[in-house]
C-alpha cells in the first residue's frame, strides 16, 4: 500500500500483552530452558509440514492483499494473522499425529517463526509486485484512462509468463543485499524493528502454557468472524447482477452524499482493516475524504467550462479527474519526500552516534574498553544468532550473479529499460536497501514506495519521452521497490528470529522460499482477477486499481513535465505539496502528545482520488474497537486483532469463488438498486407503458 505506516499498528504492539500483563517481564529463555525446549538444528526448523502450511496460508493471504491492493491500496500488517493461523494449523496437525502415535518432531516456536516469515514474504509480493500500482499501470486499460503517452511504446499488457519471470529476476536481489549486515543491525546496533519485535513476543507467548490457551481462544474468535465475513460476502453477491447494484451501493447518507462517494458500503473487510489500523490513520482518511469530495471537488466542478472544457470525458486528465489525480500525487510526494529526508537524516545521525560513541561492540571482543551488562536472554539469543552464519561471500556472489542475470534479461522484457539503467540502479540499490532497513529498524517505516517513485522520475526522465520513458520509469520502479522492500522485510524477520532463537539460515531460506512462492502465486491470483471481471481496472468498478493510474501519471509527469496538467492545477499541487511538508514538520515539532491529533498527509491523499466510502467502513471499525476497549480493554487487546483478521480474510477469500463463478459465466440473480423518487416514477411509467 501507499500507507505503509499502517504497519506500525497498535494492535501488533499490544500482541505482546496478555490480559494487561507483559509476557516478557521475566526471562523468556529461562522459561523455555526450564521446560526442556532446546532449539532444533536449522535444517529441522524448515519442516515439510511448515512448508505445506505456509503454501496454503500464502494463497489465502495473497487473495486478501490482492483485494485490498486493487480496491484502495490500504494494506495493514497481517503478521499477527500469519503467526496465529500457522500456530493453529501445525498445532492441530501435531495433535492428530500424536494421538495416532506418529509424531516424530514437536511443534516449536522456531518452526512457527519460519511459517510466519514464509507467509508474509509470499503475500508481500502481492504489494511489491505492483499489481495495483506500477505493473498494472503499464496496461492499455490504465493508459486509456490517462489519455497521455498511450502510444504502443509506453504500453505493456499483463501476461502471466513475463510477470512471473520479471518477479523471479528482481525479487531476490534484496535478500542478498543486506545479509552481510545482519550482525551489525541486530546485535551491534540493537535496532528495535518494532513489528519484528512484537511478532516475536507474540510467537513466544503462543508456546507457553498460558499463551497456548489464549491462542486457541483467539483462533476460535478468528474462525467465527471469518465464517461470518465469508457468508456475508456470499449473501451480498446475490444482489449484484448489474452496475451499481447491491449493498455496496446503499446510499446511507442520501443520494447527494452517495454521488460524492460518502456512504457505508457494508464491507466487512474494511471494517476489519479499520480495527487494525491506528485511530489516527482512519481519522486522517476521513478528513481527507471530507476535504476533497465534500469541499474541493464540488468547488472545482463548478468551474467546468471555465477552468476546463465541459466537453471532456469524466476520465480525462485535462478535466476534474486531473485535479483529483495530480493533487493526490502532490500530497503523496510531499509526505514521501519529507519522511525520506527525515528517516535518512535519522539514519545518518544514528550511524554517526554509533561510531562516535563506539557502541558497535563486536561480540567476544575482549579488547573493548566498554563494559555493558547483558541480560541472559540477550546472551542466549546472540550466541545462537551468530552460530549459524551465512557466509558474506555467498551473499555478495548471489547479488552479483542475480544482477548480471537481471541486466541481461530485464531489457528483453522491457526494451525501453536499457542495461545501463539497470546497472546504475544495482550499484545504488545496496546503499538504499541499507538505508531503508536501518530506517525501518528505527521507525518501523518502510519507504519502499518512495524509493520506487524516485526511480520513476530519474529513470523515466533519463530514458526520455521518445524512447518509452513512461514504461521505463514504471519498470524501474518495480526493480527498485522489490529490492528495498525485500531488504527491510528480511531484516524485520531476522529480528523476529533473533528473539525466538530461530536460525538465521532457516529465516533466510524461509524468506527465499516464500519469495519464490509469491513470484508464482501473486501473478496467478492477479491473472484470475484480470480475466474474471470484464470491467477490471476501470474507475468506479469493484476493482478499480486506483494506484495504477496514479503511478502511471507520476511517470508521465516525470517524462513530459507539467504540460499534462489542467488550468490552475500546478498551483494547487504546489500548495498541497508544501502543506504536506508543513503538516509533517508541525507533527514532529509538537511531539507525540499532540501529533496524534494532527492528520497524516499520506493517509489524507488516498481518498482524494478513490472516494470516501471505505473511510466510513474503517471509522466504523475504529468505533467498534474504541467502544470495546472502553468496556473491556484487556479482552479487546487480546482478541481484536483476531476478530479483525477474520473479517478481512473471510470476505477476502470470497473473491476466489466469486472469480470462478464470473469465469464460468454464472451471474447473480438479483440487481438491488437505489433510485431517487423522481427517477423511480420514470422507471415505473416506462415499465407500465411497455
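Any Cβ shown, glycine's included, is placed from N, Cα and C.
Note that TrEMBL annotation is computational and uncurated.
Feature annotation from TrEMBL assigns compositional bias 'Basic and acidic residues' to 1-11.
If you look up TrEMBL, you'll see 1-22 marked as region 'Disordered'.
Note on the transmembrane segment (46-68): residues 1, 74-75, 78, 81-82, 85-86, 89-90, 93, 105, 111, 114-115, 118-120, 122-127, 131-132, 269, 273, 506, 509-510, 513-514, 517-518, 521-522, 525-526, 529, 543, 648-649, 651-653, 655-656 of its chain, located 6 or more positions outside it, place their CB under 8 angstroms from a CB of the stretch. The transmembrane segment annotation in TrEMBL covers 46-68 (among others).
Sequence-remote contacts of a segment are chain residues at least 6 beyond its ends whose Cβ falls under 8 Å from one of its Cβ atoms, and for the transmembrane segment (74-93) they are 1-3, 6-7, 9, 11-12, 15, 49-50, 53-54, 56-57, 60-61, 64-65, 68, 107, 111-112, 115-116, 119-120, 123, 127, 195, 198-199, 202-203, 206, 212, 215-216, 218-219, 222, 273, 276-277, 285, 606, 614, 618, 641-642, 645, 648-649. What TrEMBL lists as transmembrane segment is 74-93 (among others).
Sequence annotations record features per position, and here TrEMBL assigns transmembrane segment to 114-136 (among others).
Summarising the annotation, TrEMBL assigns transmembrane segment to 160-181 (among others).
Look at TrEMBL and you will find 279-300 (among others) tagged as transmembrane segment.
Taken from TrEMBL, the feature transmembrane segment covers 320-341 (among others).
As annotated by TrEMBL, transmembrane segment applies to 390-414 (among others). A Cβ distance under 8 Å defines the sequence-distant neighbours of the transmembrane segment (390-414), meaning residues of its chain 6+ beyond its ends; these are 156, 162, 165-166, 169-170, 172-173, 175-177, 179-180, 182, 422-423, 426, 430, 471-472, 475, 479, 504-505, 508.
Sequence-distant neighbours of the transmembrane segment (420-442) (same chain, 6+ residues past either end, Cβ-Cβ under 8 Å): 173-174, 177-178, 181, 185, 189, 191-193, 343-344, 346-347, 350-351, 399, 403, 406-407, 410-411, 448, 451, 455, 459, 462-463, 472, 476, 479-480, 483-485, 487-488, 490-492, 495. Under the heading transmembrane segment, TrEMBL lists 420-442 (among others).
Per TrEMBL, transmembrane segment is recorded for 454-487 (among others). Using a Cβ-Cβ cut-off under 8 Å and counting only residues 6 or more beyond its ends in the same chain, the transmembrane segment (454-487) has close neighbours at 121, 124, 127-130, 133-135, 137-138, 149, 153-156, 166-167, 170-175, 177-178, 406, 410, 413-418, 421-422, 425, 429, 432-434, 436-437, 446-448, 511, 515, 551-552, 554-560.
Annotation comment: TrEMBL describes 507-530 (among others) as transmembrane segment. Counting only same-chain residues 6+ beyond the ends of the transmembrane segment (507-530), those with a CB under 8 A from a CB of the stretch are 46, 50-51, 54-55, 58-59, 62-63, 66, 70, 113-115, 117-126, 129, 131, 136, 158, 160, 163-164, 167-168, 171-172, 175, 179, 390, 486, 489-490, 493-494, 496-497, 536, 543, 655-656, 659, 663.
Among the features that TrEMBL reports, transmembrane segment is placed at 569-586 (among others). With a cut-off of 8 Å between Cβ atoms, the residues of this chain six or more beyond the transmembrane segment (569-586) that come close are 322-323, 326-327, 329-335, 337-339, 342, 562, 598-599, 601-602, 605.
Under the heading transmembrane segment, TrEMBL lists 606-628 (among others).
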Range from 114-136, 279-300, 320-341 with the greatest count of C-beta pairs under 8 A to the transmembrane segment (606-628):
279-300
How about long-range neighbours of the transmembrane segment (320-341): same chain, 6 or more residues beyond its ends, C-beta under 8 Å?
2, 292, 296-297, 300-301, 304, 308, 314, 445, 447, 449-450, 453, 539, 549-550, 553-554, 557, 564-566, 569, 572-574, 576-581, 584-585, 600-602, 604-606, 608-609
What residues in the same chain, six or more past the boundaries of the transmembrane segment (160-181), come closer than 8 Å to it by Cβ-Cβ distance?
125, 128-129, 135, 390, 392, 394-396, 398-399, 402-403, 405-406, 409-410, 413, 426, 429-430, 433-434, 437, 478-479, 482-487, 489-491, 508, 511-512, 515-516, 518-520, 522-524, 526-527
